[in-house]
Amino acid sequence: MHNSNNLSKSYKEIIKQHVFTLFNGINVVLAIFVFFTGSYRNMLFMITVILNMVIGLFQEIRSKHMLDKLSLLNQTKIHVIRNNTELELSVEEVKVNDILVLYAGDEISFDGHIISGNIECDESMLTGESDAVYKQENSSLLSGSFVISGKCWMHVDKVGQDTYAYSILKHAKRFKRYPSQLRDSIDWIIKWCTYILIPLGCVLFIKQLIKTNYTTATLNTVAAVVGMIPEGLVFLTSVALAISAYKLGKQKVLVQELYCIETLARTDTLCLDKTGTLTQGKLSVCHVEKIENVDGILGDMMQALPDDNATAIAIRNYFKARNYKKVVSYLPFSSQRKYSSVTFEDGEYKLGAYSYIAKEIDLDVEKHIEDYTSQAMRVVVLMKDNAVLAYICLRDELRPDAKDTLNFFKKQGVEIKIISGDDPRTVEALARKAGFTSKSIDMSTIKDVEMVVDSYSIFGRVTPEQKKELVLALKRRNKTVAMTGDGVNDVMALKEADCSIAMGSGSQACKSVASLVLLENQMNTLPVILYQGRCVINNIQRTASLFLVKTIFSIALSLLTLVCLKNYPFKPIQLTLISALATGIPSFILTLEPNGNIVKGNFLRNVISKALPGAICVICSVIGVSILGHFVYISPNEYSTMCTILAGVNALMVLIRVCVPMTMLRKILVTIMSVIFAVSIILCKNFFYIVHLQWYEIIYVILNVCLIPFILTLVSNWVKIILKKINHKKKKLGN
């Protein structure tokens, strides 16, 4: 099974992730320092830390409960022979010396050897080679490979940690780092904050201790370091993703990789496998044109063949075995060959795609097949000695939600590519029924996918290798590619896609490598997943700038305190007030808000461009207060009061800008936060170390407050111009 970011965690790991973090450790140490000063109210920042921890634990454990329940529905079932009876057991119930029955599409979870039958295997996860490997009696089978075609009975030699591939697969599946711009950006922010805050905090404490007493030095340093820590950013990201996974779980979508929610939101190209994805995957024989009477031959062929794909099942149900002929040998169907064959005493009969079976193509036969495929029928032919004996036409109905889903993605600007092993004319006709019109191409005639990947949107007669190459070609064009599939022939392409989506009714191999599994095969949940991903990215992008305003100005003011400022301008309790009202509470509410807008730009660049103006504005305000202090007397308490008011107003102004365009919820949020801030500094002034100001200090604060919107706009425009120039230079260098 594919191990998800969430499903692979035990409760112990979840608790460890949320409780024993670097920032929590730093906060506890800071709280201990404050405790020994006796200024207990300045430990209030720990309430925020504890709330973050508790809410994060609750949401992730709730999400785990949901996903664990869904994973049971998606659990791999192994066909085991015990007491001459075929049973379906879980992987954990299989023991050494058990006899397993393996079918096409099964994932091999044990080491063993074949005692009967023959199969073709994909061992690419072990060897890196994508070519099918033929296995017969006494051939060894390794955990981590997949059955492509055929059927066999396997003797289990090793299970669990004793298997040859255990250590490789455990590392590859569980610890593979899923690509995520969101996670990488936040990791980058955290990394640099960590590099800066510990040495800067130590130097700041020493300087303050030299100039003031222990209590003042401790409180100033704690205020600076607490301000630098963007711990709420990590908390909100994990909570937002956990809530999204929970919501998707309620829609019967199993999230096997948490960050794939983000990836699907950024997807600009969606590759759809036709069978079982665009269609229902329930084929039925709708017409048979017999050149000769072949009912008995087809019935006996299907009895001899181990194939259990949708086509084989439909033909087996239509033609009953009569046991007229003795089977000499058989060759199962594979997506690479596009046909199966059975050799009886009177010769070899082949069943499959005409262009793959015929030694010489008859144009009249091709034209006849086209008459059927243009009606959205799949056509397989029965041939012997290069002569067509029968045309078997099968029909697969479109999913009821296929048309609406395709229309949704087209409206969202997502490019659609339909990829199938079927005749391109059949695929094109089906796509037309779903409202999707585009040129199709027969990939059996194409050697280099690079030549056609841009020009066509419907690809037929695609081999598993070509599916993979199509996905890779799109990725080389800097596309973010999502791929849906349900069969073992989709596995290689799914592994290469940025976001892989499997159908719940699909093969074990397919579900094993997928990031998402649609347990009820519901195509109409794809827009829901896209919407959830957009909500996560847009809202975290919106709120991350609020956290970074505090982080940036705290770092800058700490450096200025070392160089030119007398004291750090804030006490811990004052920054806690600003952080809670202008960052913590609003960001939590905004992160859970619906927001399905198209994701644009680079996450880190977007966040920093919004945070810098607010941070620069606070820095300028504090420098202004410091300059004023050179001309008139400002006491340390008046200094921190002025800076707290200006930083608070500035943070609320940034909140207003972040909330644009305003909704009723956002208006209420901004109003309540502003009123609480005003009430706190007026009615609770002693608690927050707010003192009465001199008349000239009041005038300066009022003038500065009036200028904040203009300064924010001015700095914001400068930042946009600078980032635009940097981006332009990067593009030039890239060319």
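Each Cβ is built from the backbone N, Cα and C atoms, and glycine gets one as well.
The domain 'P-type ATPase A' annotation in TrEMBL covers 73-172. Residues or ranges marked as transmembrane segment by TrEMBL: 20-37, 43-61, 192-210, 222-246, 547-568, 574-592, 612-633, 639-656, 668-692, 698-723.
Remark: secondary structure over the domain 'P-type ATPase A' (73-172) totals 18 helix, 48 strand, 34 coil, with classes taken from DSSP.
Tertiary neighbourhood of the transmembrane segment (43-61): same-chain residues 6, 11, 14-15, 17-19, 24, 27-28, 30-31, 34-35, 226, 231-232, 235, 238-239, 242-243, 246, 572-573, 575-576, 579-580, 584, selected by CB-CB distance under 8 Å and a gap of 6+ residues from either end.
Between the transmembrane segment (574-592) and the transmembrane segment (192-210), fewer than three CB pairs separated by 6 or more residues in sequence fall under 8 Å, so the two stretches do not touch.
Same-chain residues lying 6+ beyond the ends of the transmembrane segment (612-633) with a Cβ under 8 Å from its Cβ atoms: 545, 548-550, 552-553, 556-557, 560, 564-566, 569, 639, 642-643, 646-647, 650-651, 653-654, 657, 694, 696-697, 700, 704, 708, 711-712, 715-716, 719. Sequence-distant contacts of the transmembrane segment (222-246) (same chain, at least 6 residues past either end, Cβ-Cβ under 8 Å): 6, 17-18, 21, 23-24, 26-27, 30, 33-34, 42, 45, 48-49, 52-53, 55-56, 59-60, 62-63, 66-67, 182-183, 186, 189-190, 193, 196-197, 200-201, 204, 255, 258-259, 261-262, 532-533, 535-536, 539-540, 543-544, 547-548, 550-551, 553-555, 557-558, 561, 568, 570-572, 574-576, 579, 583-584, 587-588, 591-592.
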